[in-house]
Amino acid sequence: MSDSGQGDEHEAVDWSSRVETEETVLDETSAGPPRPPEGDEPMRVATEEPAVTTPGDPRDEITADLIEHFDSATDLVAPQPDESFLRDSFFDFGYADRYGELERYWVNKPFAYVSIIEDERENDERYHVVEPTLSTFEQHFRADMITELREVLLHVPREDDPEETLSRELAGLANRYAADADPGSIHKVHYYITRDLLGYDAVDPLMRDRQLEDISCDGTNVPVYVYHRGYRDLETNVRFDREALNSLIIRLAQRSDKHISVAEPMVDASLPEGSRIQMTLGEEVSSRGSNFTIRRFAEVPLTPIDLIQWGTFSVETMTYLWLAIENNLSLIFAGGTASGKTTSMNAVSMFVPRKSKVISIEDTREITLPHDNWIQSVTREGFEGGRGEIGMYELLQAALRQRPEYLLVGEIRTEQDVALAFFQAMATGHTAYTTMHADSTETVLSRLQNPPLSVPEQMVRELDIVAIQRQLFLGDRRVRRNVGISEFFRDPDGGTEVRDVYEWQPGDDEMASVEPSGKLREVMQMRGWDEADLSAELGRRERLLRHMVTEDVADYETVSAVLWRYDRDPDAVLERVEDGTLSELGTDD
């Protein structure tokens, strides 16, 4: 069979050794058919995706999962492999003999799983991806099939499913050229062909792991690092050589409808599934070679209940935000990089009334709402010569002509016209939310009122609330916390008065009330309530949120259903709290 170079060699390093052994071989994947290595060594690959298991013996547990999957699967590309093949020839479990497993879960069952392993000698935790091993025959077969099937994909009609086409064509080619091959070999090769041609190649398992927030490849022949929600920064067993990394970055740019080259070596883009990616090609601007960082896009956004359970917000502060948002108070989430600003803004936007008209404006798609009456706007780069560029300012101007009740702007950076348009929207009666980089309320004011933004003070006072977020350490744990909520008012001299309403107490990791909320008093007056009414309403909402946290009523659809039903019939929702049927709202409402 042909030895056609793929140009993407991906190495899945076994943690049992930093050097290549007879059981550790480069897995070549990426922008073309892989070059099979010489010799008879099995090939190792990297993997990941989520299905959490308390670690036992991976040989028994993973093999049982494989058998269960193939027993129940339909439309297989080849017959079911026998049990001995699944146990002895599908995965390499050698890592489990040398390292302890803290956690294990599938990311692409039954072909890729992740093991969080512990190196007791180095007192270190690592992210170990496991994909099927390939024999020399399987490597050659894979290489030739990729050559054949890449050509097939170029001519797939738009209306056809490319994955179904790949499966059908591979089954035919396998019957023609590898009729005597073990069915398990066909399944393994099918996985790699689908992963390499339709997925994200060697980082595909990482892209499927919902526990990851960031994926960072810092150069050639160095481990890829990930930011894991449970274990934070982890070194993986995935790395690329120079040719493989360059090839992968070119393909990622193409998948993002962008061009990257030596002449234009840096690209910021969005991948098809919504994640943000920053890519650098070559060594001219990066001495360690090509690199990329992927900031994952959560297909299922976090809810306010998630943020309470994680300790980012308290039940009391989330109740405060719920009433504020429902009653059209504008706010900014401010904080440093990776402090969770956009995540929090997206989550609390679930408090926006169901039928309200919402328009979101972003550079890169990150905001996801359950609302039907929602226009999602994203900026567009210009064509050659800058023609056709549509920026944040143009989108803001267009949005204001559409009379939104709620306006969500991804981030205010340094563009004065964007900042002025945002505050003008608030001044003309629109409820507006955004994020910005600032580590305190004072810094927010300073950034807004000084160049380059230079927002006039009378416009700044249109803002109601600022919530400050930080990423910090509690002991050896890195956490995200809302560390303060402040309100803006006009002071007697015509300036801006800032009142701190809540403040985080690091000693006991709790939010403390600093002084009564003036903004909620405004809500009270607007709604025609007295103080007893306001207190009762806050109490009802806090009770509901606390119940949802305690009973883990946190999935996106159910939380949406509960919040929207409460808006229409709060008594009915609270009755469900009493009789224990609240979680059923997502299915029967």
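Cβ coordinates come from backbone N, Cα and C, glycine included.
Feature annotation from TrEMBL assigns compositional bias 'Basic and acidic residues' to 7-21 (among others).
Annotation comment: TrEMBL describes 37-47 (among others) as compositional bias 'Basic and acidic residues'.
Across the domain 'PilB3-like N-terminal' (88-133), the prediction's mean pLDDT works out to 95. What TrEMBL records for 88-133 is domain 'PilB3-like N-terminal'.
Residues annotated as domain 'Bacterial type II secretion system protein E' in TrEMBL: 253-470.
Taken from TrEMBL, the feature domain 'PilB3-like C-terminal' covers 514-579. Note on the domain 'PilB3-like C-terminal' (514-579): DSSP counts are 53 helix, 0 strand, 13 coil.
What TrEMBL records for 1-58 is region 'Disordered'.
Counted with DSSP, the domain 'PilB3-like N-terminal' (88-133) comes out as 5 helix, 24 strand, 17 coil.
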